[in-house]
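Student: Quick one: the structure is below, questions incoming.
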Amino acid sequence: MVLPLYLIFYFIAVSVSKESCDSPLVSALPQSAFTSSSELSNSHGPGFAKLNRRDGAGGWSPLNSNKYQWLEIKLEQRTEITAIATQGRYGSSDWLTRYLLMFSDTGHNWRPYRQEDSIGAFSGNSNADSVVMYKLQQPVIAQYIRILPLHWNPNGRIGLRLEAYGCQYKSDVVSFDGSAHLLFRPDPSVSLADRDVLSMNFKTLLNSGMLVHMEEHSGHSFTLELFRGKLLLQLRKGRGSSADFHPLVSLGSLLDDQHWHHIRVERIRGLVNFTVDKNTQQFQLPESWSHSEINEYLCLSQGNVSFTCTESIDVPVTFASPGSFLALPWVSGGESASVCLQFRTWNRAGLLMTFDLQHNKAVLAVYVKMISLMPVILPDPHACSLSLSTGASLNDGQWHSLELAVRRGRLAVTLDRTDSSTASTSFPVAPDSQLFLGGKSGSGCRNPFSVFQGCMRLIRTDGALVDLIRVQQMLFGNFSDLQMDMCGIVDRCSPSRCEHGGRCSQSWSTFHCNCSATGYSGATCHSSIYEASCEAYKHKGNTSGFYYIDMDGSGPIKPQLIYCNMSDKAWMVIQHNNTELTKLKASSGINQHLAHFNYSADAEQIQAIITQAEYCEQELSYHCKKSRLLNTPDGAPFSWWVGRSGEAHMYWGGAVPGSQQCACGLQENCVHPEHFCNCDADSKELNDSGLLSHKEHLPVRALAVGDINRSGSEAAYRVGPLQCYGDNNFWNAAYFNKETSYLHFPTFHGELSADISFLFKTSSSSGVFLENLGIKDFIRIELSSPTQVLFSFDVGNGPLEVKVETASALNDERWHHVRAERNVKEASLYVDHHPSAVQKAPADGHIHLQLNSQLFVGTASRQKGFLGCIRSLKLNGKTLDLEERAEITPGVTPGCPGHCSSYGDLCQNHGSCVEDHSGFTCDCSLSPFTGTFCHKDVSAFFKPGTSVTYTFKEPYKLNRNVSAQSSSIYSDLTLRGENVSLSFRTSQAPALLLYVSSYYREFLAILLNRNGHLDVKYKLQHNRDAEVFRASGRNLANGQLHRVSVQRLGETLNLIETQTQLFLIAESGEVDPEIARLNALGFTGCLSVVQFNSISPLKAALLYPDTSPVIVTGPLSESSCGSSLPTNPYAAETTHSLAVNAINSDSALIGGVIAVVIFVSLAALAVMARFLYRRKETFQPQEPKAEKTDDSPETPFNTDPNSQSIISDNQKEYFI
């Protein structure tokens, strides 16, 4: 939008060109320009308060040294003030140590100068003669200066000499009263510029009104409007009721305070900077407005115009503390009385006024509660009766008028001249002798209400305006802890310190941020509650699913819901609007098909994902019949795709960028060698498919498909989702091998909000992780002891420390997570999952952290350096590249191995942790489970006729025809122990669940008898009868999920029942008659998590049938039937003991005890059987294998039946 605003600029504000603005303003003034609240003597008068002067008593001192004293200076004219300097009274012990600086144009309605939003006080002197000067960050335009002492030398009195510095300020002034306007018509011959500026100052007592309206002949308009004390910048397209309004931005607050406020609107092409006072917002104009020319006319407000500024003198008073009150004498006027005033506040509740009632021991109290106004009659100190209420939303910071009128027994309350309520009383309601405003109630009652904190003005009693200047001079009434002739209300929500869309609310002294539904937490909604990648979620033990990903933590990029596919890699899957195969047919008149893809994440999020990822890919496939693709080798491509930057690419999936080839061209295996794509052969049905993996080009934003208009042409394309794995930031690490080593980075800029997070591991007892210094400010995080992390900083209020103590030592060479945050409200520190520590910021302290040195990871100061590893160091959401800097830094090496010590516990069900350069993986080869963390059960549903046979490979090949002598040699080879576990879900009884046998007809069987009870039947010598142990007296053939575990080691048999899954095992050949009968029945049900020592036969049959010694008979496929329900953590536990007959030493039977433990859950009865038995024959070990096997199809399946690598005496088979 082109705004020819130069006319306004010259008219409204004339900036005087000057080389400097630091001339003394006070020293040349006459004594009559100085006034004060009081003086100790004539020689201590205000006229002697000039810097470095020794006249009189050497400076100003008031009669009494208290917080109600003040010194005022009237400058010659309105002046730009840039600095202030103070000095104590010459040759004395009298000086100020802390004071407020106030400004005014009229000598009334003072405004305090704030160095920062929360800092109103200046630090003063430490002796009588030294000069302390402050340069004002924002120059002030005023004619009056007032100093209010806050603290002074405790061994002396208030004493002051001062000087102000600045220069003359001149500007043209125009005043409006609401009934006219100024109109400007720009010169149409002036060429339009790319940059326009509107600059002006204004002040007003009204909270709403039009300031500037600009319009062009077509109806486009620009409006700058004051609404409820805030400035609104709006665009409007069109006229009348059909106009299209575009509210662009709102800025500023409480601008109806009769003080000057600065506005600046700067347009640079389509970018606009909008400034109100010292706050600036930047925004982009809508595209439709970028070339609009508003050059018809410009209107400045409305009203009768005068070129002078008439000052309206109102004297407000501020009730700043719980002890603030104003007591006014009351002269009875008979049966009628009235009190009128205006007030503004942020608090939801507060006592406005009270007074004793005539002829009655009662008090009338008017208070704000729950954003409405309520008068209450207090007959006695312990009772209260509600008379009436009126108004709403009274704690919005706006001025509200209140009128309380009493006439002939009727009480009327009118709010904002419109809301009115009345009530009758049974006794006269008239003030007795005093009216109390603010926190103190009448003498007859204790105050049961919250005190009022806010401002009042225009106080009238019985229609007469109360002279608050006389009150200030203590000539009328009484008061305590009031700020006279000023309204000290501050809008702490403008600008809002709540980040990421947090909703700001406030009281008089503080603000609060509501972070609900933002995805962020903390006092200012600064820190993200989500992880930055799927990799981070994986290392917290999460499995596949949808997760919110916040790529830059506390940065500006919004969290996004993304699917994480947790396999061996943590894949981030970003879907778009068309991932299915899309078919195209020849159509006359259509030469090209163009498809656009809209992703579930926006462009900024996708770019961050790709940049942070280790690897990304996207499938691109094309199926064709008489439809050429890239028209290779020399023709112009018929199809292409558009990447992230909007550039068209002429290579296909599987090929390299710029090659104009498909995957088959790169691999030299196309159908026709003269072409670089299969589809370019222009013949039968073919396809070209592959993966795009050049990160700078991804994702595919659009696809153009040509050559589809010929007769018989058919084509289909598919663009898969964008998939990325790895997190370069998460594993970015450095190892510090010397205490004197450090890495340095640019200065950390976290003035108002700073968060720092990282992981560390060390064996050292202490050391500084990082620090950044300023002239006085600093920030540091360190390990101060093996069990304490310390976060310390200084923003100008003195050093503050936040500590977290841990029960266990942190120097255990395991990864520990640290997160520190500092904002304008508080500082917090988190270490792992230990309770956090929080330190509140001072209520009126400095809030800006000002650093100027480099940021050191480790330390370059005299502090003890850090020995160990630091990883994933983030400052305000940005990751520092430790590895890149470590490459060129002595004493520091990139990377840091040893992740299994911290993350190995994530590998479940006997899975083993395997180190990787960037993280770890879980090896599930020795576990019957699979999945990222060996957490996913492997299940199948069996029907009669389905079986799985697993054959162990033995080092000795046995022959059934060998002699008894030779076979006795092998009979001494036996397993030292077995560990068998299995799960089941069935409604069949009887049923054989598990059967293990050897050549010598020795066996172990787990079965359900005809009553559904679990039995364990075993035979350990062929010349002995089988033994049967009853594991449970409950019916387990109930369709619920159960788990059984059997272990043999030594002479004891234990059976434990718990919830999980089982399966059926049978044997061919000569078997026990009962086993044979059950086997003939077959098994119907679910089997899962089958394991014999380190062998998982069901897992081998389902997942690795080609590389495992398994034979599958009948239909078999993987199922989820074995998924278990969560166990009730408060389930009852019952234990049974069974005695087993002792066996002599030459017997093969087991001596010992059978223990049965039953856990009853809400979901199902779970059973676990566990027995230990030992053969009489000798045990002969075999050397363990040197290498462990991987749980992958490429690695031959482990055929050793013993996890300790012990061989068996006979060949065994599992039949499932």
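Along the chain as shown, residues are numbered 1 onward.
Backbone N, Cα and C atoms are what each Cβ position is placed from, and that goes for glycine too.
A TrEMBL annotation is a machine prediction, not a hand-curated record.
Feature table excerpt (TrEMBL):
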type     : residues      : note
SIGNAL   : 1-17          : signal peptide
DOMAIN   : 21-167        : domain 'F5/8 type C'
DOMAIN   : 315-487       : domain 'Laminin G'
DOMAIN   : 489-526       : domain 'EGF-like'
DOMAIN   : 525-576       : domain 'Fibrinogen C-terminal'
DOMAIN   : 732-896       : domain 'Laminin G'
DISULFID : CYS869-CYS896 : disulfide bond
DOMAIN   : 897-935       : domain 'EGF-like'
DOMAIN   : 957-1121      : domain 'Laminin G'
TRANSMEM : 1148-1173     : transmembrane segment
REGION   : 1180-1216     : region 'Disordered'
COMPBIAS : 1180-1191     : compositional bias 'Basic and acidic residues'
COMPBIAS : 1195-1209     : compositional bias 'Polar residues'
Student: Residues with Cβ closer than 8 Å to the Cβ of CYS896 (disulfide bond), same chain and 6+ apart in sequence?
Tutor: ALA733, ALA734, TYR735, LYS761, CYS869, ARG871
Student: What does the DSSP secondary structure composition of the domain 'F5/8 type C' (21-167) look like, as residue counts for helix, strand and coil?
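Tutor: Split by secondary structure, the domain 'F5/8 type C' (21-167) comes out as 9 helix, 70 strand, 68 coil.
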Student: Measure the Cβ-based neighbour count of CYS869 (disulfide bond), defined as the other Cβ atoms within 10 Å of its Cβ.
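Tutor: For CYS869 (disulfide bond), the 10 Å Cβ neighbour count is 22.
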Student: Averaged across the domain 'F5/8 type C' (21-167), what pLDDT does the model get? Just tell me the whole number, please.
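Tutor: Overall, the domain 'F5/8 type C' (21-167) comes to a mean pLDDT of 92.
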Student: Using DSSP, what's the helix, strand and coil tally for the domain 'EGF-like' (489-526)?
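Tutor: Taking each residue of the domain 'EGF-like' (489-526) in turn, the totals are 0 helix, 10 strand, 28 coil.
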